[in-house]
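Colleague: First, the structure itself, so that you have it in front of you.
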Amino acid sequence: MMRSEPRALQLNEHGQLKHFLTLDGLDKTILTEILDRADSFLSMGEQSVKKVPLLRGKTVVNLFFENSTRTRTTFELAAKRLSADVINLNIETSATSKGESLLDTLKNLEAMQSDMFIVRHSDSGAAHFIAEHCTPNVAIINAGDGRHAHPTQAMLDMLTIRRHKGSFDGLKIAIVGDILHSRVARSQLQALTTLGVSDVRLVGPKTLVPSFFEEMGATICHDLEAGLKDVDVVVMLRLQKERMKGALLPSESEFYRLYGLTEETLAWAKPDAIVMHPGPINRGVEISSEVADGKHSVILNQVTNGIAVRMAVMSMAMSGQLQSDETPAAKDEK
């Protein structure tokens, strides 16, 4: 069976989202629609009743095969604020721990008339595989798959940047740390280039910043000062030791000495630069507490914006499913 192209698999025949698997193939119009819709949801956090009925009567299943705090919780909050019923599958106590295959687990959940799966998995391409094998009327949202993609994280980062900088025009952005193992960096780079940012710098040691990222439109910097010089946005990434094989860096202390973001190294960026981090933060490894908690940090804003972005993506995907000619109901009407 041939693997579907990302754009063809993610959009219905009207060009609307029906799955959200990767930013690869999605154009500026769709990304901007996600940001605009998320902006409209942000004000809900200030209301006494933080709900809208857009997913009322729908069942959302969180399938997290990797540990998560922020992503799983914000997806659950987003679904509940859209009035959906939410099921959090405990993978450790589910039948998958007894040897049941991923596909069999999904087919059983489909039989329970689930409407949307939020999937995090250690294997790259897992969300794509699920979208290809699920019934057409179930929406699949990728909450992170291996090194491949983390599209909702990238979009909440884009919303954070836009809200603090106004637009993406002329911005200089540095992404610092373990680029090699980061699905976040890959999705961020796709989003930034699609939204028109031409100066994106990937900063870190040669072992963690492969040269092939230049083909995606980034500038590679192995010197922190050169990477941070006059940038508007600094995105710090943690060292993903759980994915590392072999000696990719001498030590955490050496990494911090060469690439850690401190008040001194942040001074190389613009005076009004913002500092971002997708979490979890390792203080004293990639970032100092003074910077993480300082006036330039928008890290907690990212978490807040994540709820709104995930509400936007989930509501758009469900709407795209309902308007798709591929749904069983639509086929019955023909």
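The backbone N, Cα and C atoms fix where each Cβ goes, and this holds for glycine too.
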Colleague: If Swiss-Prot gives Arg70, Thr71, His150, Gln153, Gly279, Pro280 as binding carbamoyl phosphate, which of Arg56, Arg81, Arg120, Arg257 does it give for that site as well?
Modeller: Arg120
Colleague: Which residues of the same chain, at least 6 positions away in sequence, have a Cβ lying under 8 Å from the Cβ of Arg120 (carbamoyl phosphate binding site)?
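Modeller: For Arg120 (carbamoyl phosphate binding site), the qualifying residues are Leu63, Phe64, Phe65, Glu66, Ser68, Thr71, Arg72, Ala143, Gly144, Asp145.
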Colleague: Taking the Cβ of Arg183 (L-aspartate binding site) as centre, how many other Cβ atoms lie within 10 Å?
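Modeller: 22, counting other Cβ atoms within 10 Å of Arg183 (L-aspartate binding site).
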Colleague: For Arg120 (carbamoyl phosphate binding site), which of the three DSSP-derived states applies: helix, strand, or coil?
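Modeller: The residue in question, Arg120 (carbamoyl phosphate binding site), is strand (DSSP, three-state).
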Colleague: Let me spell it out: for each of the binding-site residues (Arg70, His150, Arg238), count the other Cβ atoms within 10 Å of that residue's Cβ, using every protein chain shown. Which one has the most?
Modeller: His150
Colleague: Over all shown protein chains, what is the count of other CB atoms within 10 A of the CB belonging to Thr71 (carbamoyl phosphate binding site)?
Modeller: 24
Colleague: Of Gly279, Pro280, the binding-site residues given in the record, which has the fewest other CB atoms within 10 A of its CB?
Modeller: Pro280
